[in-house]
Amino acid sequence: MAEESDLEKTEQPSARRIEQAREEGQIPQSRELASFLVLLVGVSVLMVTGSWMGERIARLVQAVWSFGTERAFEVTTLLALLPYVVKETLLALTPLFLFLLVAAVAGHVAVGGFLFVPKLLAPKWSRLNPMQGIKRVFSLNGLVELAKAVAKTVLVGVVAWWTLTSETDRVLALIRMPLEHAAAQFVDAIGWDALWLVGAIALIAAADVPYQLWSYTKNLRMTKEEVKREHKELEGDPQVKGRIRAVQREMARRRMMAEVPKATVVVTNPTHFAVALRYEPQKMAAPVVVAKGRGAVALKIRELAEAHAVPRVEAPALARSLYVHTEVGEAIPAGLYLAVAEVLAYVYQLDQWMARGGPKPELPPELEIPEPLYVPPPEEATEAFVRRS
């Protein structure tokens with residue numbers, strides 16, 4: 001029955017299924033990639049600082065031996081040596097340990113990202129079930145892990161054998177060197193020889209990463225029935241639908257606000273409403289509303305216009321009519337062409353006046369708004385103010 005169930009799971013996991021898996025602590029991970037990074041960083045640090053590290057360790061050993069066998073185990077001698085031993089050991093090994101720690105963390109988060117699930121720290125008695133353990137051993141993942149373990153054992157054995165046979169003369173020559181030089185040479189040799197092991201582990205990691213991603217996706221695959229049920233749950237959840245609508249509104253508002261700096265003019269009420277218009281004669285048949293709002297949104301439009309030096313014109317009747325009778329992205333109604341043309345002409349004249357001086361232009365006190373498009377002020381006829389949805 002389990003095999004039949006797996007065969008039915010033909011659908012790729014949904015975003016919700018993946019999110020639920022992460023909440024349970026299930027993420028794709030490659031231990032081989034982590035091992036490779038740790039080994040690579042460790043070998044690199046040894047190659048760069050190996051001589052320096054070997055010399056420090058050698059001086060530390062010489063300092064300990066300088067007391068002789070009779071005084072080496074005296075309490076006073078040990079107490080005198082302890083601070084020096086601790087300091088030198090930390091100085092010699094701390095860089096290596098720090099780099100190894102960073103590499104280990106990077107290796108574990110490289111594939112599936114960082115994840116901390118506190119509930120996984122609690123004991124789970126089902127893990128002690130011997131039957132489950134046997135199933136894991138003989139599963140596909142168990143066989144793959146066995147193959148990787150055998151491959152690593154063989155590779156380590158080959159590298160160790162090659163090192164012993166090729167470096168015998170070099171190791172024997174260390175006996176005739178001073179201790180400091182011998183230690184430095186030994187650490188340096190270990191680093192270079194370990195590069196072969198790094199290359200071998202890299203091959204295993206290169207094969208393991210895509211396998212782990214494939215295995216993770218395969219384990220989370222869904223049946224067609226599960227996909228339908230999840231879709232129905234998401235569509236029918238009022239909270240989810242509410243969140244979706246809220247996100248959509250916020251995205252639309254951000255896109256609208258991004259258009260305000262490109263506007264030609266902003267028409268205001270002056271405080272209740274704000275409508276941003278853009279007009280490019282060579283490209284547009286009529287001015288287009290790029291942003292509009294009331295209350296706090298209107299204030300934000302005004303602030304953006306001021307910050308980006310977009311002209312602002314106070315025309316209450318026109319602002320109300322534009323707000324009610326147009327939507328963002330639409331051209332203005334034909335009945336408002338004349339009023340908007342007067343506003344655009346005023347903005348042009350204002351630019352010329354600021355550049356050349358002379359008498360300051362004035363906006364006509366009354367802009368012509370056709371009766372069908374006229375919107376009374378809210379305090380006069382609240383019921384007449386109906387925003388088109």
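Cβ atoms are placed via backbone N, Cα and C, with glycine included.
Taken from TrEMBL, the feature region 'Disordered' applies to 1-23.
Residues or ranges marked as compositional bias 'Basic and acidic residues' in TrEMBL: 7-23. Break the compositional bias 'Basic and acidic residues' (7-23) down by DSSP state and the numbers are 11 helix, 1 strand, 5 coil.
Among the features that TrEMBL reports, transmembrane segment is placed at 33-52 (among others). Residues of the same chain lying 6 or more positions beyond the ends of the transmembrane segment (33-52) and with a Cβ under 8 Å from any Cβ of it are 95-96, 99-100, 102-104, 106-108, 110-111, 184-185, 187-188, 190-192, 194-195, 197-198, 201-202, 204-205, 208-209.
Annotation source TrEMBL lists transmembrane segment at 64-86 (among others).
The annotation transmembrane segment is assigned in TrEMBL to 92-117 (among others).
Taking Cβ pairs closer than 8 Å, the transmembrane segment (138-164) reaches residues 32, 193-194, 196-197, 200-201, 204, 208, 211, 215 in its own chain, all 6 or more past its ends. If you look up TrEMBL, you'll see 138-164 (among others) marked as transmembrane segment.
Same-chain residues lying 6 or more positions outside the transmembrane segment (194-214) and placing a CB less than 8 Å from one of its CB atoms are 28-33, 35-36, 39-40, 42-43, 46, 111, 144, 148, 151-152, 155-156, 158-159, 162. If you look up TrEMBL, you'll see 194-214 (among others) marked as transmembrane segment.
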